[in-house]
Amino acid sequence: MSWQEKINAALDARRAADALRRRYPVAQGAGRWLVADDRQYLNFSSNDYLGLSHHPQIIRAWKQGAEQFGVGSGGSGHVSGYSVAHQALEEELAEWLGYSRALLFISGFAANQAVIAAMMAKEDRIVADRLSHASLLEAASLSPSQLRRFVHNDVTHLARLLASPCPGQQLVVTEGVFSMDGDSAPLAEIQQVTQQHNGWLMVDDAHGTGVIGEQGRGTCWLQKVKPELLVVTFGKGFGVSGAAVLCSSTVADYLLQFARHLIYSTSMPPAQAQALRASLAVIRSDEGDARREKLAALITRFRAGVQDLPFTLADSCSAIQPLIVGDNSRALQLAEKLRQQGCWVTAIRPPTVPSGTARLRLTLTAAHEMQDIDRLLEVLHGNG
């Protein structure tokens, strides 16, 4: 089989399964509205959960940062790319979340890959929730350590896997809020079992940070759990992009020496760090509380109105509200029907989710209004 035949076969298989991904160029894709092909849609696919991507205070901070620092960092943080803006953001994040140190990364994917690649050796074991993000599972699969997966949120199965002999260290990996189901991990129980077996806990709280808990401190804070490794990202609740790893001082020093994604990547622009500092200030303020309260009310309104639909509504109290459709083609058809009625919704299919669980991944944000939720419900009920 030639290279071209190999590529064609893979693409043909995706097409046959109604699983071929595609991108849509949009003129505006975050916030309440999505604009594509000169048409405006109510946007129920954005991860901008607090509606901060267009916040004037954050935009102003980015502009001022660009004027002060330029539009790029100029290099890796180990060379010339570690700005005083980066340092200030790291210190503010660490203080906010109760850790000694924070290290910035260009994306959540890079942060997860870097930590696992740097921490794990051949004699070690990763025990991951089987619904963990692709960045976590891919890094675990590529690492020299053993990978075992436990049934989603099943602490008993986790304990059984941890109890089996392991010559090295054990790292338990899970998410705070799961990206495709919107449910939360039982972190207190997971941490207890992990500690009983002398393991460390790594939590990716991409979809909880900024959105859940006191001052938006996230799922771990809400459940009174402090994992050894906490990954937070800035493309969701913060409305920007990037990520950080929260950890002890010694672990931070270790990652600075051995995390290749950190060492060999150009740092995020200092202007972006300034925007993130402004976003954090909003998240921690009374305005942040008001945005979280509004989002919670929108979620309650949606869940109350969707109960009698012929789909499975995932058990989620988060901004992620998946409607499990099952069949790939049916999910695509339903997403297209919603778009025709002015609601932009994305169909999520395997391999992103397990086979037979294709879904509409609906996301609600604080930028929405109650009438937007009512319109979505009207269309879902076939009255659009």
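Here the Cβ of each residue, glycine as well, is placed from N, Cα and C on the backbone.
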Problem set entry | ARG21, HIS133 bind substrate per Swiss-Prot; candidate in THR352, THR357, THR363 listed for that same site | THR352
For this session: Out of SER80, SER83, SER179, which one does Swiss-Prot list together with GLY108, PHE109, HIS207, THR233 for pyridoxal 5'-phosphate?
Result: SER179
For this session: May I have the list of same-chain residues other than GLY108, PHE109, SER179, HIS207, THR233 whose Cβ is within 8 Å of the Cβ centroid of the recorded pyridoxal 5'-phosphate site, in sequence order?
Result: HIS133, SER135, ASP204, ALA206, VAL231, GLY235, LYS236, ALA243
Exercise. In Å, how large is the greatest distance between any two Cα atoms among GLY108, PHE109, SER179, HIS207, THR233, the listed binders of pyridoxal 5'-phosphate?
Worked result: 13
For this session: Taking Cα atoms as reference points, rank the recorded positions GLY108, PHE109, HIS207, THR233, LYS236 by distance from ARG21 (substrate binding site) and give the first.
Result: PHE109
Seminar exercise, completed: The rounded CA-CA distance in Å from THR352 (substrate binding site) to SER179 (pyridoxal 5'-phosphate binding site) is 10
Problem set entry | Cα within 10 Å of HIS133 (substrate binding site) - qualifying recorded positions among SER179, THR233, LYS236 | SER179
For this session: Measure from the CA atom of LYS236 (N6-(pyridoxal phosphate)lysine) to the CA atom of GLY108 (pyridoxal 5'-phosphate binding site) and give the result in Å, rounded to a whole number.
Result: 11
